[in-house]
Amino acid sequence: MIELLTPAEMGRADALAIAGGVPGIDLMRRAGLAVADACSRMAGHSGQVLVLAGPGNNGGDGFVAAKVLRQRGYRVEVLLLGDPGRLSGDAALAFSEMQAARLTAGILSQDTLDRVPGQASVVIDALFGAGLSRPIEGVAGEAIDRVNGSGVPVLAVDLPSGVNGASGEAMGPAIRASRTVTFFRLKPGHLLLPGRQLAGRVEIADIGIPASALDEVHGSEAGKTWRNDPALWGPAFRPPCLDGHKYARGHAVVVSGPALSTGAARLAAGAALRAGAGLVTVATPPSAALVNASHLTAVMVRSFRGSGGLAEMLADRRLNAIALGPGAGVGDETRALALTCLAGERAVLLDADAITSFTAEVEALAGALSRRTGARAADVVLTPHDGEFARLFGESAVGASRLARARAGAQASGAVVVLKGADTVVAAPDGRAAVNDNAPAWLATAGSGDVLSGIVTGLLAQGLDGFDAACAGVWLHGRAGALAGPALTAEDLEPALRQALAEFFSRAG
Ligand SMILES: NC(=O)C1=CN([C@@H]2O[C@H](COP(=O)(O)OP(=O)(O)OC[C@H]3O[C@@H](n4cnc5c(N)ncnc54)[C@H](O)[C@@H]3O)[C@@H](O)[C@H]2O)[C@@H](O)CC1
Ligand SMILES: [K+]
């Protein structure tokens, strides 16, 4: 279940299920039951539950849950935002079924705000879900502030109210939930920040939408979106064959910076080797050759002079993946090296200074990419963090969500874009995208990005395509960070990567 559906796609999946003969009220009853089950687990055998219900179908799920919880013996209070007479469709039906079970609703207003959260041991947030269309204001916003300030555990229905399901952005006040029950598939807003933090632990409930609906709705004009998970890229990443040769696993090159900035390239090179590249060479300017050579053992060192020298080295077609950027320095020289890397039939990763060397000149980069030929023409990966992304693509892209920005960047450049952050997004030029959620906060440390570049380059050398290598690299990097644990440094990631790979291969069988 790694597909992510936007609220609009989810609405179409609901509609397809209904058109296929599953009544909408049945979907709502199953949704509400799943919410009631989650609430029972949170509240224990007894307790008081406050249900905040909105005017749409999210509120409808809340009415079903309220009724079920009441029947289970909980004390339940329902406060409805708006006029019950204006409820319509399945929500109106669920409201009357709740009333038939002798549970009435109060109206959420200034007069009833002091009952929020009152004596409740759990608050069910059924104000807004997929239908949130503007920032929450007025009494609903005040109720959200009161709930958030109370410390009472909150169970959100589908999405924490106020969170945009497509982007994870908080549109005005937003519920801070301890748990969220969503339906059929996760939404991008459950993984993108701040939505991920506001949703708490997310559970996915099956409400009877047939899997066939997924084929029709997942991946429309906006492209497919997934949670970054081994299920996405695992099939493309096989362990070495018993009768394999190291040359079959590629030869990665990492370009070193000058004498005083060589550590980044060595971190990347070590990670590329650990990720499984058969051979790894650090390509170094002559001034840094000695310092690189004195620190490297399994990784080879070769010196080159300027972009002409690098082009000569790269004439060896066995060098099938190259990384440039970590410690490279910003300027014309790095830019020329990047164009040299791109002008050949090999996979290329550009990071850090290599990206910044194209500041506001994405057309120059895109032009070089468009001239690429051969089987690996599309295997170019850019790994910017937010600042580097803004420098390359300009401020205009800054307002959009990280998912939309990464997609726009991939489309504008023609490269796979890894927009790094706590919620790293990987996007391909054709619109495919994956959102990563396994990286611990400890991973934000000096040199961590260099290790990521190395892992991705090592995977590119083994023949993974740009999107798979980027997704796998980001996931393995996050997993290595989690295994290395608190207070990790970039040096700790390489041994932890070994453990992450061992885990992955043992699960993949
Ligand atoms: N048949 C279905 O479509 C199903 C829907 N389900 C539930 O239905 C939800 C989606 O229902 P809806 O599409 O009705 O949307 P919501 O219930 O999320 O909200 C829509 C209503 O809120 C109003 N609204 C939106 N933003 C507002 C704001 N900031 N301030 C005040 N009012 C605002 C809209 O005008 C509309 O009346 C899902 O999140 C899920 O919980 C589930 O019951 C499963 C089945
Ligand atoms: K909600």
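The backbone N, Cα and C atoms fix where each Cβ goes, and this holds for glycine too.
Just so you know, TrEMBL annotations are computer predictions that nobody has curated.
Not measured: the values here are computed from a predicted model.
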Item to complete: Pick the one from GLY409, GLY447, GLY449 that TrEMBL also lists for the AMP site with LYS420, GLY421, ALA422, ASP423, THR424.
Response: GLY449
Discussion item. Among ASP14, ASP114, ASP125, ASP206, which residue does TrEMBL annotate as binding K(+) at the site that also has ASN58, SER161?
Written reply: ASP125
Discussion item. Helix, strand or coil for HIS385 ((6S)-NADPHX binding site)? Use DSSP.
Written reply: strand
Item to complete: Would you list the other residues of this chain near K(+) - those whose C-beta lies within 8 angstroms of the C-beta centroid of ASN58, ASP125, SER161 - in sequence order?
Response: LEU52, GLY54, GLY59, GLY62, ALA126, LEU127, PHE128, GLY129, ALA156, VAL157, ASP158, LEU159, PRO160, ILE175
Worksheet item: Using a 10 Å radius around each Cβ and counting other Cβ atoms from all shown chains, which of the binding-site residues GLY60, GLY421, GLY449 yields the largest count?
Response: GLY60
Response to the item:
Near ligand 1 by the Cβ criterion (under 6 Å), the binding-site residues from ALA130, ASP158, SER161, LYS420, THR424 are ALA130, ASP158
Worksheet item: Which of the binding-site residues ASN57, ASP125, SER161, HIS385, ALA422 have a Cβ less than 6 Å from any atom of ligand 2?
Response: ASP125, SER161
Worksheet entry | 8 Å Cβ shell about LYS420, GLY421, ALA422, ASP423, THR424, GLY449 centroid, AMP site members excluded | HIS385, LEU419, VAL425, ASN436, ALA439
Worksheet item: According to DSSP, which of helix, strand or coil covers ASP125 (K(+) binding site)?
Response: strand
